[in-house]
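J.: Provided herewith is a single structure, encoded as structure tokens, for subsequent inquiry.
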Amino acid sequence: MTGEEMHALVERLYPLCRSITGDGVRATLGIVGELLELDVHEVPTGTQVLDWTIPKEWNIRDAYIKDPAGNRVVDFQRSNLHVVGYSVPVSATMTLAELRPHLHTLPDQPDLVPYRTSYYAETWGFCLSQNTLDGMGEGPYEVVIDSTLADGHLTYAEHVVPGRTGDEVLISCHVCHPSLANDNLAGIAVATALAGRLRDPRHTYRFLFAPGTIGAITWLARNREHTGRIRHGLTLACAGDRGALTYKRSRRGDAPIDRAMAAVLRDRPHTIVDFSPYGYDERQFCSPGFDLPVGSLTRTPYAGYPEYHTSGDHPGFVSPQAMADTLEALWSAVEVLEHDGRYQNLSPYGEPQLGRRGLYGSLGGRSDTKQAQLAMLWVLNLSDGEHSLLDVAGRSGLPFRAVAEAAAALEGAGLLKRVGEGA
Amino acid sequence: MTGEEMHALVERLYPLCRSITGDGVRATLGIVGELLELDVHEVPTGTQVLDWTIPKEWNIRDAYIKDPAGNRVVDFQRSNLHVVGYSVPVSATMTLAELRPHLHTLPDQPDLVPYRTSYYAETWGFCLSQNTLDGMGEGPYEVVIDSTLADGHLTYAEHVVPGRTGDEVLISCHVCHPSLANDNLAGIAVATALAGRLRDPRHTYRFLFAPGTIGAITWLARNREHTGRIRHGLTLACAGDRGALTYKRSRRGDAPIDRAMAAVLRDRPHTIVDFSPYGYDERQFCSPGFDLPVGSLTRTPYAGYPEYHTSGDHPGFVSPQAMADTLEALWSAVEVLEHDGRYQNLSPYGEPQLGRRGLYGSLGGRSDTKQAQLAMLWVLNLSDGEHSLLDVAGRSGLPFRAVAEAAAALEGAGLLKRVGEGA
Amino acid sequence: MTGEEMHALVERLYPLCRSITGDGVRATLGIVGELLELDVHEVPTGTQVLDWTIPKEWNIRDAYIKDPAGNRVVDFQRSNLHVVGYSVPVSATMTLAELRPHLHTLPDQPDLVPYRTSYYAETWGFCLSQNTLDGMGEGPYEVVIDSTLADGHLTYAEHVVPGRTGDEVLISCHVCHPSLANDNLAGIAVATALAGRLRDPRHTYRFLFAPGTIGAITWLARNREHTGRIRHGLTLACAGDRGALTYKRSRRGDAPIDRAMAAVLRDRPHTIVDFSPYGYDERQFCSPGFDLPVGSLTRTPYAGYPEYHTSGDHPGFVSPQAMADTLEALWSAVEVLEHDGRYQNLSPYGEPQLGRRGLYGSLGGRSDTKQAQLAMLWVLNLSDGEHSLLDVAGRSGLPFRAVAEAAAALEGAGLLKRVGEGA
């Protein structure tokens, strides 16, 4: 998928009213399912998942605040952000004073509508811009939320690209946010594109499309034994804004995925931050009982931009170029995970004579030794069975790709033997 | 004790002529003993203590240099700094030329009188300002030091606040300097205030008021077996000047006290320096045979200010505010030592649902998560039995107090169990 | 040897046409042999050395390109850089167009003649300045290289200064470059000077004068068992230019030689870089099968100056002062290697009383403690049998020499005992 195709997917998913349960999630997975084969799971309300319980399913058809003149001052049909997620039904006539405790605005960003939810405390509310609120008279207002909160299911989906080994790479993105483009339709689009690009990989790649927090917890509860297969993982969010890439390390801090991402990002503008137990579903994957090697890839991180969790996070806020760039970085990470390994130099005493094997230029004295030749010298020097190619890339400062190609050339010449997995 | 009360104590102690032995030390301990219950120890001259021997006891009643007109040009009654500590008695008439080798000045600070001692080489001398010296004619001068140097005792004192465990915290301050306020009457005052503030602590707190070097060596010689109980320690000096706090690490460099002080100082202006084997009595506590986890807390450190070891270090040089600030930092360190520990998350698979336990706000989507909630997430995430609360504070960047309160709340909710001491 | 004497040696060696084999190397070793007793080794063509084979021996008497008027446009007699090293014989008449593929210039440095070789692919060529090439007409030219490439020997030499222990220090410099002063006649001169300065050392010092790459490989092949004795080593190159000293760490990165050089260079302008598997013969000594603790000392490093491998690297490019400075740094490193060791403080409980042993000033209170006294305190504090004097120098920031002198004084006073080698 090109950046433009990913952006088109974001635009198509944008209007749907997603939440942690309900038909918006199902419709979203239906659209992704046109592009990827998905296993869709439905988990009933009341199911115990780790320390949590699957909540009632929430669905909504309409909601509005109508002024005395009959105008919809706040209208769910214009934006699903206008209703607090998981609002219980309401149908009443109220003065502004009565309504006021149920209204949420952003006084410092008076043009924007905030995103709010109340999953685990039954209430209702509307989100609107401060400007709209400032223009509202005393009322009375007709206040309607036509929603249902009832036993049902939590929905999530998996797409698996089987690998030649049982070792798994987990790519997870949350699918519970309503009309917010960067958070996380861009993440869904990039994950979908990455899944479509994998061909016969060494690792098995598992893509998880699940509601945030409760969805990840549900998956973990149902796959507790399975988690031992996960060798590397990433949560993917905020993948389309114009900021530079940010990688947040796993709880372990020095897992292979942490080192792979550092190598991938080294030559681009980027930020790397240590693990912290808030943000996206890395919170769950990195809880101490699981402690999985799962980091988080975003562009501008969680809560790091003014449009975060507001109506400013619309499809115009994300760009095809940025999503393509996120995908390329992910692809480079996949290359590292696929090709990393530990090698043994089979001619470790002195340098082997590369020239007679056609691996080295014959004219001496020049100082502009080429990257490919440097990469071979580095791989030979560090291939003592303990250093991985990722180590070689890190220590040499050479791109991982050049190091992997050097290793392949040396293996082809009989000078190198693979002896183990990457570190 | 308030800053003002500590300052009043400094002013009361200031005129006394202290040295490493003698009645000045006894009088000082007598005044501190009005505030704290002290065990005063007298160790006879000639006692072998480690590699050293308790010297003769020195006492002094008067000293002066009288000019031909009968004026006391240099007068011990005006400042005890005027006599080199441990000067043997003298009574003579001398020309300036004869007297000159016994006179000590600070040519670069011509207004100030230096502080000098000669504990282990029998001699005598006077300290005076360069300006005074410059005004002195050829003489002859009447030169009198009415001192005694004779068999007696070395005096030091201990105050112990018993704890619920046998583990000890050692707070040591030197009591051998004459009229120098910051070095170390301020240290004595802050130690006294801290001792008075402790109530039923977990650790036993031992306060040592002893002459520098020989006093610490004497205590170590007499408590050699006891030193194994010392889990943490600090020497306290220069505690009242207007500079920022400075912590000097223990010889180990990563002892819990080193990490505790780093956490305490993190959010204030401060300096942390590595151990070095000169300065105050950390030199003795950190000698390689003992290698105790004892750091040093000062404001401007040893020899780091122009007034150091001069008449410029008078009560006006130290401030109530600075001493109160030193005391608060010490108290924060005590809080860390008292409350640190390793905990086990009893719900380690995924995050426990804090909301239904009343520990988490119900409205989602907001990005201004509060410190208390972050602290709970961090404690849960790192409570795997290996990380201490101090580790959590360090890794999270949160104040230790917030982390300790989060641990208490989670323990109260049955989500956390204490499993061991702090690191 | 003074800087001037080293420079005179560079000037005397400069005209000789060295290569990896041949009479130029023999003549070079003959001149060095006037100053040092050398064991000269001759290894026959065809001998297998590790992964390599000793090549044919190359010698050259004359070479030129003569224009139609009979002028030598390019003349080996003026500079041996004009012929590509290991050129096979040629005698032909050619147009410029035919000759052109055999001509090497530096278009970006049009005044300079490059240095080129072709050891392992049989060919021939000339090096000349771009300016000369630009002035050449169509020809025809008489083209002559009067060389021989035939079975013979590879020549290298060793000089050994026997030590009181079997532990060896290897100093290696390459002797295969023709008229290039900094690379590596300056290295040869400094190594010669160092060898002449050693008197009854603790370690055995082995100086290796060998052609680059193949010479080091030959020595390693013939001394494979011997390498276990090498405790420390340096390759020495580019030792005479006006740049600051550069030390390149061994592959291990924390070998004693790495720490010794860091201590030596700390108080001079310098650069320290990590190991990389290109540069000089550290490539061979640090190949993973050997992994010897051999670093590399240069001034401006390999390929780091515009004159590198050009006719600009003539005797005027190197200075007596710079070579003397390199020698002094080397000598300081020798002092570290000779005097480093681990010691045990025999009075480790508290500080021993240095004053009564005459090791400490008697007048107290002064803050300008002298370096010698600080050094004694540091040595006493860290002499627990685990820290070496080099550790003490590193942690204290004191010069190694001051630390070593303090250790000697303390050992003399019976306070210290040597218990092991340096780290």
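A Cβ is built for glycine as well, from the same backbone N, Cα and C atoms used for every other residue.
Take a look at what TrEMBL says about it:
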BINDING   C:His177, C:Asp183, C:His309  Zn(2+) binding site
DOMAIN    C:7-340  domain 'DUF4910'
DOMAIN    C:57-148  domain 'DUF2172'
DOMAIN    C:343-417  domain 'UCP01524 winged helix-turn-helix'
J.: Quick check on the binding-site residues: of C:His177, C:His309, whose CB has the lowest count of neighbouring CB atoms inside 10 Å?
T.: C:His309
J.: Going by DSSP, give the three-state secondary structure for C:Asp183 (Zn(2+) binding site).
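T.: C:Asp183 (Zn(2+) binding site) sits in a helix per DSSP.
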J.: Select from C:His177, C:Asp183, C:His309 the binding-site residues whose C-beta atom falls under 8 Å of at least one C-beta in chain A, and return them in sequence order or as 'none'.
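T.: Near chain A: C:His309.
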J.: Can you work out the mean pLDDT of the predicted model over the domain 'DUF4910' (C:7-340)?
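T.: Average per-residue pLDDT within the domain 'DUF4910' (C:7-340): 97.
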J.: Taking helix as H, G and I and strand as E and B in DSSP, count the residues of the domain 'DUF2172' (C:57-148) in helix, strand and coil.
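T.: Within the domain 'DUF2172' (C:57-148) the tally stands at 15 helix, 35 strand, 42 coil.
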J.: With H, G and I counted as helix, E and B as strand and the rest as coil, say where DSSP puts C:His309 (Zn(2+) binding site).
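T.: DSSP call for C:His309 (Zn(2+) binding site): coil, neither helix nor strand.
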J.: Look up C:His177 (Zn(2+) binding site) in the DSSP assignment and reduce it to helix, strand or coil.
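T.: For C:His177 (Zn(2+) binding site) - judged by DSSP and reduced to three states - the answer is coil.
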J.: From the DSSP assignment alone, can you count helix, strand and coil residues within the domain 'UCP01524 winged helix-turn-helix' (C:343-417)?
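T.: For the domain 'UCP01524 winged helix-turn-helix' (C:343-417), the helix, strand and coil counts are 36 helix, 11 strand, 28 coil.
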J.: Show which residues of the chain containing C:Asp183 (Zn(2+) binding site), separated from it by at least 6 in sequence, have their CB under 8 Å from its CB.
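T.: Within the chain, C:Asp183 (Zn(2+) binding site) has Cβ neighbours under 8 Å at C:His177, C:Ala237, C:Cys238, C:Tyr308, C:His309, C:Asp313.
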